[in-house]
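Student: Dumping what Swiss-Prot says about this protein:
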ACT_SITE  Asp149  active site, proton donor/acceptor
BINDING   Asn7, Glu389  Mg(2+) binding site
BINDING   Lys14, His209, Leu210, Gly211, Asn212, Gly213, Asp284, Met285, Arg286  ATP binding site
BINDING   Arg92  substrate binding site
SITE      His181  site 'Transition state stabilizer'
SITE      Arg242  site 'Transition state stabilizer'
Amino acid sequence: MKILIINTGSSSLKFAIYQYENSKKLISGVIEKIKEQKSIIKIINTDGSITERFEKGIENHPKAIEKMFKILLNSNSKILKNISEIKIIGHRVVHGGSYFKNSVILKNSNLDKLKQSSKLAPLHNPSAIAAIETVLKILPHAKQVLCFDTSWHQTIKKHAFLYATPYSWYKEHNIRKYGFHGLSYSYVTKRSSEILNKKIDNLNLIILHLGNGASINAVKDGKSYDTSMGITPLEGLVMGTRSGDIDPSIINLMSTILNKNTKQIEEILNKESGILGISEKSNDMRDIWNKIEEGEYQSKLAVEIMTYRVKKYIGSYIAILDFNVDAIVFTGGIGVVDYEVRELALKGFEKIGIELDLEKNKMAQNKNLESEISTIKSKVKILAIPTNEESTILEDIYNLIPKNL
């Protein structure tokens, strides 16, 4: 019996097959550039080998789901003899709104509530819903489990999640901070507890999930206490293509200046801003560092703006945790690999006893390795931990659907 895990992005579809009885990963893959002229399909086998090919553009997520099942059935690894071997499907869903405080087994009522939440995540939830409905048609008798990035942050208190807007906006329209990257933060919190040999209930962390999308999470007593992303993933840190925090008046101002509607301006803030917007070169940090080596000013400025924002958030989260922090933890593609970003983000904190070991930090560039990168005398541990959202989804699946099914 097999478990299929699906992670839909706005233009991508990640998937993995696990053996139900022992949680062993059998195969994984990703379909990228959905809705574009050429799509990319990558298959990652258990031996680490990768096969990659280009195909004529896959037009939408339902077609991508159909393609995924064909790939799994036709794989040289013979993982599946029959599609009916898949009995459970776990979905990563970005936004659960106010409805979902935990992962749930799919029911019609849950799907209706998820559709209602889509207005809060128009860039992310529609693709997840399309995947869920397509799987429902192909495997109608399989159990589907919905795992939400927002659920982890349901422990944030009202004074931290409310915006200072009319209270009726919250009561009538659920306008509030929700936060994201929750599956990642849940995993990293558990791993930090194991590494530090400290019970989760007594654990205070500042976790930075730094990738093309980026956020920061204050964890108090093992639970989410505050986070930088808001009602959507646009708020907070400077990201690959997202602006992060801005004065909201800019939206109407630039709408008038550029003669664009507010939806178009929001699209620019989501897809043409951040590192890409400032550098006018790339949203890929590898490209940015290359441009900096060439002496390119705007790329250097983009990194300065990004790491300055990160440093501000770290400082404020140290304060709200009452200066009682067990570890600062970096995760995500940039957080685990980019030692220069870590160094810039933590520069100056040695004055309050948070000391980065520069040599250890420089050595920690492997996306698959956990590292402790603080000095021996640092009052706060500094860690780099690769995230594993699939592990959190698997754990939630087994909690909802026991192994003696």
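Any Cβ shown, glycine's included, is placed from N, Cα and C.
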Student: Please identify which of Asn7, Asn212 has the densest Cβ environment, defined as other Cβ atoms within 10 Å, among these binding-site residues.
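Tutor: Top count of Cβ atoms within 10 Å goes to Asn7.
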Student: With every protein chain in view, what's the tally of Cβ atoms within 10 Å of the Cβ of Arg242 (site 'Transition state stabilizer'), excluding that atom itself?
Tutor: 26
Student: Would you please pick out, from the recorded positions Lys14, Arg92, His181, Arg286, the one with the fewest other Cβ atoms within 10 Å of its Cβ?
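Tutor: Ranked by other Cβ atoms within 10 Å, the recorded positions Lys14, Arg92, His181, Arg286 bottom out at Arg286.
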Student: Using a 10 Å radius around each Cβ and all protein chains in view, which of these binding-site residues has the most neighbours: Leu210, Asp284, Glu389?
Tutor: Leu210
Student: Looking at the recorded positions Asn7, Lys14, Asp149, Leu210, Asp284, whose Cα is closest in space to that of Arg92 (substrate binding site)?
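Tutor: Of the recorded positions Asn7, Lys14, Asp149, Leu210, Asp284, Asn7 has its Cα closest to that of Arg92 (substrate binding site).
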Student: Taking DSSP as the reference, which of helix, strand or coil describes Arg286 (ATP binding site)?
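Tutor: DSSP assigns Arg286 (ATP binding site) to helix.
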Student: What is the maximum Cα to Cα distance, in Å and rounded to a whole number, among the residues Lys14, His209, Leu210, Gly211, Asn212, Gly213, Asp284, Met285, Arg286 annotated as binding ATP?
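Tutor: This binding site's residues have a maximal Cα-Cα distance of 23 Å.
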Student: Run through Leu210, Asn212, Asp284, Glu389 for me and report the binding-site residues whose CA is within 10 Å of the CA of Arg242 (site 'Transition state stabilizer'), in sequence order.
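Tutor: Within 10 Å of Arg242 (site 'Transition state stabilizer'): Asn212.
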Student: Are there residues of the same chain, six or more positions away from the residue listed as 'active site, proton donor/acceptor', whose CB falls under 8 angstroms from its CB, and which are they?
Tutor: Arg92, Val93, Val94, His95, Gly96, Gly179, Phe180, His181, Gly182, Leu183
Student: Looking only at C-alpha atoms, tell me how far Arg286 (ATP binding site) is from Asn7 (Mg(2+) binding site), rounded to the nearest Å.
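Tutor: Per the Cα atoms, Arg286 (ATP binding site) and Asn7 (Mg(2+) binding site) stand 25 Å apart.
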Student: Distance check, please: Cα of Lys14 (ATP binding site) against Cα of Glu389 (Mg(2+) binding site), rounded to an integer number of angstrom.
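Tutor: If we compare the Cα positions of Lys14 (ATP binding site) and Glu389 (Mg(2+) binding site), the gap is 12 Å.
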